[in-house]
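All remarks here apply to the structure that follows.
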């Protein structure tokens, strides 16, 4: 689990760089990143299970397929919520919001499969929810003016010279509007629900499916949805990486997804 968290953090940092500084400074859309990451994971996981002759590959046991589908569906919203929020939130803020998912998963597991969810854990979940409110910083509660506070940290910042073309900077949040920030928090919260669904279904499935079969459902759902959205959404489309740095980051992202 600790190793998975390390790779998960590396993936989030890589995603942030691709969204802000990739594509020659124009950035990649979350669906474009998801397509590359998940297609690599899907291919590698499928080849590994085929080579190892994993039982019930590729669809899993019939009695748990509906749970595997729910795992893939929830996992997609979990990862997309994280990737979208990284467009407008600092990595630290977006990551802290995702910490709500384990608490929701504990609550769901206590109802669906009767796992213990103690009073202390329930109190901790409420404290986590309060922390998310502090991160979201609703304007009506934290500001008396229309000026948006910096997305992370304190201190003043100099006004932007509109006649100057700025170089993309992954640490610059001065131009993020309150509405964009609120939307990012909302999508991140949707991602929390998706991640909680994924955690709950994985626990529910237990040992009835190989872990890579679960990963494959997740990767297949994300690959399919990202293909459709790239075809449907205006201004997105399929984007071919333009330099070695983008190729390296995208391949690294896919490899981390498979290892994680």
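From the backbone N, Cα and C atoms, a Cβ is placed for every residue, glycine too.
Feature annotation from TrEMBL assigns domain 'EamA' to 26-136.
Per TrEMBL, the feature transmembrane segment maps to 31-51 (among others). Remote same-chain residues near the transmembrane segment (31-51) are listed as 11, 15, 18-19, 57-58, 79-80, 83, 210, 212-213, 215-216, 218-220, 222-223, 225-227, 229-230, 233, 236, 238-239, 250-251, 253-255, 257-258 (criterion: CB distance under 8 Å, separation of at least six residues from the stretch ends).
Here TrEMBL flags 63-84 (among others) as transmembrane segment.
Remote same-chain partners of the transmembrane segment (96-113), defined as residues 6 or more beyond its termini with a Cβ less than 8 Å from a stretch Cβ, comprise 78, 82, 85, 89, 121-122, 124-125, 128-129, 131-132, 135, 185, 188-189, 191-193, 195-197, 199-200, 203-204. Among the features that TrEMBL reports, transmembrane segment is placed at 96-113 (among others).
Within the chain, the transmembrane segment (182-205) has long-range Cβ neighbours (under 8 A, six or more residues past its boundaries) at 64, 67-68, 70-71, 73-82, 84-85, 87-89, 94, 97-98, 100-102, 104-105, 108-109, 112-113, 115, 132, 135-136, 138, 214, 218. What TrEMBL lists as transmembrane segment is 182-205 (among others).
Among the features that TrEMBL reports, transmembrane segment is placed at 217-240 (among others).
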